[in-house]
Amino acid sequence: MPCSTEAMEKAGHGHASTPRKRSLSNSSFRLRSESLNTLRLRRIFDLFDKNSDGIITVDELSRALNLLGLETDLSELESTVKSFTREGNIGLQFEDFISLHQSLNDSYFAYGGEDEDDNEEDMRKSILSQEEADSFGGFKVFDEDGDGYISARELQMVLGKLGFSEGSEIDRVEKMIVSVDSNRDGRVDFFEFKDMMRSVLVRSS
């Protein structure tokens, strides 16, 4: 498949300058990595899912790969996505995305020999706008355990430290999470965090 998934987190939401195109045959990126656990795959999936509807379409995947500077054949990409797409769907759900990753040959994926956490940070920086990069810095402050999500307790603790009235009661914090929790998992990812903070700042202004 014409893409790179360890580098996949470079794509998704945000904007970046057009990178130099590289052919996959000469690429140092690989698409298969035993070290990519479900949590990291979820982050990649969420970055690719530009409209946050829980499905990665061919267009979203193509856009992500283009931001990575990877040349893709649209017909081949469509064929690959279709082979993992459930009947009646228009793209890949997260479980389909995991199946795609598991099916790939070990000769693909990841930066060889480099620190994966550093790679992940570099990828995000390369695709996020300055506003989003600033927001991500704030997100990391809230995400105290570094799992890529903000729990109600984490949110309450930081809001309290910042002096927001929302941090005074856990019930209010939980309502804030529910209001932006588009995938209903009871916690806040980066893109949900941006929406939540916008609403907090509007109410506080």
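Residue positions begin at 1 at the first shown residue.
Cβ coordinates come from backbone N, Cα and C, glycine included.
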Of Glu60, Glu76, residue recorded by Swiss-Prot at the Ca(2+) 1 site of Asp49, Asn51, Asp53: Glu60
Annotated stretch (region 'Disordered', per Swiss-Prot) among the listed ranges 1-26, 105-130: 1-26
Which residues, sitting 6 or more apart from Asp181 (Ca(2+) 3 binding site) on the same chain, put a CB under 8 Å from its CB? Arg187, Val188, Glu192
Given the binding-site residues Asn51, Asn183, and counting only Cβ atoms in the protein chains shown, which has the most within 10 Å of its Cβ? Asn183
For Asp49 (Ca(2+) 1 binding site), the spatially nearest of the binding-site residues Asp143, Tyr149, Asn183, using Cα atoms, is Asn183
Which one is it: of the binding-site residues Asp53, Glu60, Asn183, Asp185, whose Cα lies the shortest distance from the Cα of Glu154 (Ca(2+) 2 binding site)? Asp185
Three-state secondary structure, which DSSP defines for Asp147 (Ca(2+) 2 binding site): coil
Count the Cβ atoms, other than its own, that fall within 10 Å of the Cβ of Asp185 (Ca(2+) 3 binding site), considering every protein chain shown. 12
